């Protein structure tokens with residue numbers, strides 16, 4: 001059996017052989033590629049600088065190459081997407097280190113120039129020197145998520161350990177470890193201020209002007225010119241036999257790892273963490289959302305939600321949450337006299353899920369709620385009141401029977417129950433007959449009268465449609481007012497879609513009649529065509545042409561169906577033409593009110609057609625605005641729906657189209673809490689990419705024409721402006737998408753972000 005010492009010398013000899021085969025000093029003119037000659041090794045071969053596999057591509061960084069379990073310890077440009085196998089890493093003749101794509105685009109790997117050499121050291125530090133052999137750049141000075149032995153973390157707000165998204169994705173995650181100016185080491189969520197109410201762990205003491213250090217024996221400590229402050233227990237491992245690394249983890253935990261080089265089948269072991277909670281209990285310590293203020297990625301979400309603003313059958317109340325506070329990021333602020341007024345304002349707004357009330361200022365908020373914690377008395381003494389919207393099903397009345405003892409009482413009870421049953425049966429029959437009679441009156445004398453001249457498509461009986469759909473067996477989808485089934489006509493030669501509306505409620509009867517009046521008169525290639533209808537007794541059904549490719553949501557959000565860039569541009573123009581026809585091509589202007597990917601269907605030629613006019617609001621020719629109850633789907637609803645007594649115009653459809661256009665561009669949903677906080681809300685992320693000139697991030701560096709991408713994004717940003725009067729008309733939108741009208745730069749970011757960051761709506 002091989003002894004530990006002999007194994008150590010064997011590993012050392014392996015590293016030496018690798019070093020002889022590779023280069024210790026890298027000179028200008030050197031090139032790396034992901035497939036061949038992919039890295040520059042340290043003298044022992046333990047560490048390497050170069051390409052490593054990440055996702056479907058490659059990233060550049062420093063990693064442990066001399067052990068079985070290759071481990072990334074530093075990443076260049078960590079927030080850039082992975083590159084292809086055709087990319088190259090060039091140490092140019094003028095002393096720059098650049099990453100070059102297959103198309104020739106260059107990205108700087110590090111901020112230096114005029115370098116004369118570079119070296120991958122056995123400490124894990126990649127060092128770049130000038131002609132005087134002096135260091136001008138080191139990877140140790142720009143850490144990502146890992147601290148290595150001999151590396152120092154200085155008290156600098158810009159030099160921190162930031163977690164990665166996951167083990168396999170080294171992009172910036174949600175947590176950071178900071179060496180503070182006061183000498184304390186502390187952990188915070190990314191994007192928060194360095195204050196006690198956001199920190200979820202810190203050392204119990206500190207040394208001013210100190211730095212965080214990890215030595216070769218795995219001892220973590222803070223030191224300055226005079227003192228050392230231990231952080232982790234000291235260890236007595238022989239130098240060179242054990243590797244150590246300190247890592248800020250993606251779950252918010254700081255962990256110290258060791259790797260024993262003398263163990264043949266060894267691996268990384270956790271030897272210290274300041275947070276001793278097991279990962280499974282991450283939500284149990286401080287705060288409603290856990291030790292690091294996050295139960296789930298992206299914040300606290302409701303465990304059940306309603307997709308639409310229709311909350312019938314639900315009892316909605318505002319509940320005060322005493323002793324709790326969360327981040328104050330509001331989409332609407334207003335001056336109100338009492339907390340009850342604030343409660344009422346949130347209850348009347350279907351997008352409001354929580355509210356903060358302080359000093360007569362009521363701030364309404366959407367989910368997710370970030371950084372939920374218990375109040376700290378001496379910090380949160382400003383009497384801010386926190387409220388959460390609570391929905392509970394409306395309780396149904398239930399009869400109760402009191403049990404009594406004794407045979408005589410039991411006989412009486414049985415008799416009474418039998419008598420009551422007979423009475424209830426008779427009453428039930430009478431009520432049922434009266435309701436049918438009332439329902440027939442509603443159907444035959446609704447507020448919207450249906451006459452034969454309103455209807456162009458053919459009439460079906462309920463029995464015919466039941467046969468056509470094979471007993472309503474094959475369900476295609478569900479809408480807010482009914483279910484859509486698949487059927488066939490013309491001896492099975494033609495497939496159709498049959499929408500079966502729910503009955504008995506007056507507003508749904510109105511919806512049926514609205515669709516009949518509207519769609520029956522509309523003929524446009526980008527609108528779903530109504531083939532027929534059923535107005536048979538209490539049964540209300542609509543017969544549509546069938547779209548074989550499903551909805552736009554199916555196409556955009558499923559990787560296997562992702563359309564090409566040219567197809568997506570065509571889809572955007574198709575939708576714009578359909579909405580423009582509704583707004584300007586009909587005798588009466590029509591506001592669709594619920595433009596979203598699920599209401600846009602795709603035919604066999606990938607031509608987009610707008611569906612579901614059940615929420616459509618008609619305008620007379622002399623009307624430009626109307627008032628109505630909030631309609632639509634969260635994420636696509638324009639801000640003016642939530643403003644008190646604010647008229648609704650066709651611009652609500654323009655706003656929804658802008659959101660859908662951003663989804664078409666990026667092939668992702670408008671809100672995705674599985675992404676980082678910065679990217680979770682698509683409209684904010686899009687504007688940030690536009691401002692920074694990084695539009696390629698929106699399409700994950702897909703090969704697209706950048707001028708076309710910029711054009712599409714600019715149009716979308718114009719559409720989603722907070723002020724409806726500033727939004728484009730659909731006619732202007734279509735002209736811009738088709739390239740026949742110039743597109744000015746959209747207003748600055750505050751015009752968009754105020755919907756989320758707060759504004760005075762009742763000034």
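From the backbone N, Cα and C atoms, a Cβ is placed for every residue, glycine too.
Since this is a predicted model, take the numbers as computed values, not measurements.
Taken from TrEMBL, the feature signal peptide covers 1-19.
Across the domain 'Bulb-type lectin' (26-141), the DSSP tally of helix, strand and coil residues reads 3 helix, 51 strand, 62 coil. Here TrEMBL flags 26-141 as domain 'Bulb-type lectin'.
Sequence annotations record features per position, and here TrEMBL assigns transmembrane segment to 409-432.
Per TrEMBL, domain 'Protein kinase' is recorded for 470-745.
The feature ATP binding site is assigned by TrEMBL to 499. Taking the Cβ of residue 499 (ATP binding site) as centre and 10 Å as the limit, one finds 25 other Cβ atoms among all the protein chains shown.
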For residue 499 (ATP binding site): DSSP state (helix, strand, coil): strand
